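Enquirer: My structure is below; once you've seen it, I'll send some questions.
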Amino acid sequence: MDFSDVASYFSRMEETTKRLELTSILAELFKRSGDDLKKLVYLVQGKLMPDYLGIELGLSDKLIIKSLSKASGRSEEDINRIFSRLGDLGSTAEEISSSGIQRPLLKESLTVDYVYNQLIKISGYTGHGSIKTKMDAYIDLLINSGPMEIKYITRIITGKLRLGVADSTILDGLIEAFSEKKYADDIETAYNFHPDLGYIAENLMMGNINELLNAGPVPLIPFKVMLAERLQSISDIRNKMGHNASYEYKYDGLRTQLHFLKGGIKIFSRGLEETTSSFPDIVQNFKSYYSFDSCIIDGESVPYNPETGELYPFQMVSKRRGRKYELTEKTREVPIVMFIFDILYLNGKSLVNLPYPERRSILEKNFKENEYFKLAKRIVSDDEHDIMKFFERSIEEGCEGIVAKSNGIDSIYRAGARGWLWIKFKRDYQSELSDSLDLVVVGAFDGHGRRKGTFGALLLACYNSKDDTFETVCKLGSGFTDEMLSEMPRLLGDKIVEKKPARVNSSMEPDHWIYPSLVLEIRGAEITVSPVHTCAMNIIEKGSGLALRFPRLIKPRDDKKPEDATTTNEIIEMYKAQKKVIEKS
């Protein structure tokens, strides 16, 4: 398939914010792609491979500007001026290409296959001379492309394709192109266990629907973890669970999935990032204490004091992440214990369709506790007094609260799902909300007075999982330290976009639109009906949405993707629960 055709489809996608229209455009594109489908699906995502493989192109804005200068004969200063005016390197490359560059007499045929393979080459070049080789490969794409093609190729390289489609929309496009809607839930389940859209696309195109219907966990391939809903009283939880639940501590750590196969171990975060290199102690200790052919476990890695057993806050784990140097020292400074609360796979057999009590029993039989690996503390009870005592003990021992888990026969492991099989409970409703919210930055307002020259406030949104959009819920201006405030323009600078991102639903107009990427943990006083914010618009009250009053920043959540943010439905449930508590008091 010619990449010029792909660029035309990308242009059409940029012109709409309607999800159904985006899905139809994608379906049409996928049907035309033929053998290029798998590569094309990755390119639509702005990637070359699934995230968990960690492939990076490694061509910075500065190197692209140098390449544009070399190919066009224009100075880097001139190109930087164009970049400043347009605010987008893809559009800059388009303008440079339009204004004339020296092209070869015999141009390469710019197919999807050719573009993809050139990008793979760019990602693979390392070591001495790699910068020149990467630049030459980009120039090769530039001189063989038309203006529109190089615009999108450059955006893919810089990680700023931003077509307004999330993985769920791409899945819908694939289903419309190659399958039937009746299989949609099963295909989504397959994707949650095997989060590689190229793999899903290939199987759908080849008619291998049974491969996807039978999909389950695969050692060394990360899965989307199961998540919990929330309620604000033990009584509500008992009623929701049908008085048939277990209760576990909710640890304040880093969600960790550990995969073991034939002596090899991989560790992944909640966001599917491989973090094996950050936890050499977990790897070494697992091999020392356990002997399996294969297994996959789900748990929480928590920093602790080995002398006292005291658990430390989550933020201390982050000191290890991304460190290549001084890791041995950090491992000594911040020892880790992994609290295991689920098992998905053992010795060649998937366990995800077993009820939770059976999976827990398998854990207890096969994982003997030691200093480095412990099972999540648990009780099985329907006595409200006992459950509350267990909750209070969890707080005393440094946890966030407890998680109720259904003991019913339907209590399977639902990858990627947030449902009522697991319900978290953090603390009683008092003067403010019983739980924090994870919200996405979608806009910024310029500061005044002491905050002049930086951002004064941020526009935050929740995630509407049904519509695949981000709906505004509050304007955040408190909880920042001076250091955080000065860092915000740097953190968000390359996320600033000229117009409202396609997936953002907002009636407010910030000074700067921010592409949804940064997640912040926020606490507030209460959720109120709002004519300004779009969260749950027209659901509670006609012409109004829901807003968080008096929001304040707790901490950034760099372990979460935008789609992991608090959902619209969760905020609706929190509003209803809050209203019920107020009416009782």
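Cβ coordinates are placed from backbone N, Cα and C, and glycine is handled just like the others.
Feature table excerpt (Swiss-Prot):
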- K250: active site, N6-AMP-lysine intermediate (ACT_SITE)
- E248, R255, R270, E300, F341, R418, K424: ATP binding site (BINDING)
Enquirer: Could you tell me which of these recorded positions, K250, R255, R270, R418, K424, has the greatest number of Cβ atoms within 10 Å of its own Cβ?
Expert: K250
Enquirer: ATP site residues E248, R255, R270, E300, F341, R418, K424: biggest Cα-Cα distance, Å?
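Expert: Value for the max Cα separation, rounded to a whole number: 19 Å.
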Enquirer: What Cα-Cα separation, expressed in whole Å, is found between the residue listed as 'active site, N6-AMP-lysine intermediate' and K424 (ATP binding site)?
Expert: 8
Enquirer: Tell me which residues of the chain lie with their Cβ under 8 angstroms from that of E248 (ATP binding site), as long as they are six or more apart in sequence?
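Expert: Set apart from E248 (ATP binding site) by at least 6 residues yet with Cβ under 8 Å, we have F341, A376, K377, R378, I402, V403, K405.
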Enquirer: Specify the count of other C-beta atoms within 10 Å of the C-beta of F341 (ATP binding site).
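Expert: Within a 10 Å radius of the Cβ of F341 (ATP binding site) lie 23 other Cβ atoms.
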Enquirer: Far apart in sequence but close in space: which same-chain residues, 6 or more away, have a Cβ under 8 Å from E300 (ATP binding site)?
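Expert: The answer is Y251, G253, L254, R255, T256, M338, F339, F341, A376.
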Enquirer: Translate the DSSP assignment of F341 (ATP binding site) into the three-state scheme.
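Expert: The residue in question, F341 (ATP binding site), is strand (DSSP, three-state).
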Enquirer: Based on DSSP, name the secondary structure state of K250 (active site, N6-AMP-lysine intermediate): helix, strand or coil.
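Expert: Where K250 (active site, N6-AMP-lysine intermediate) sits, the three-state DSSP reduction gives strand.
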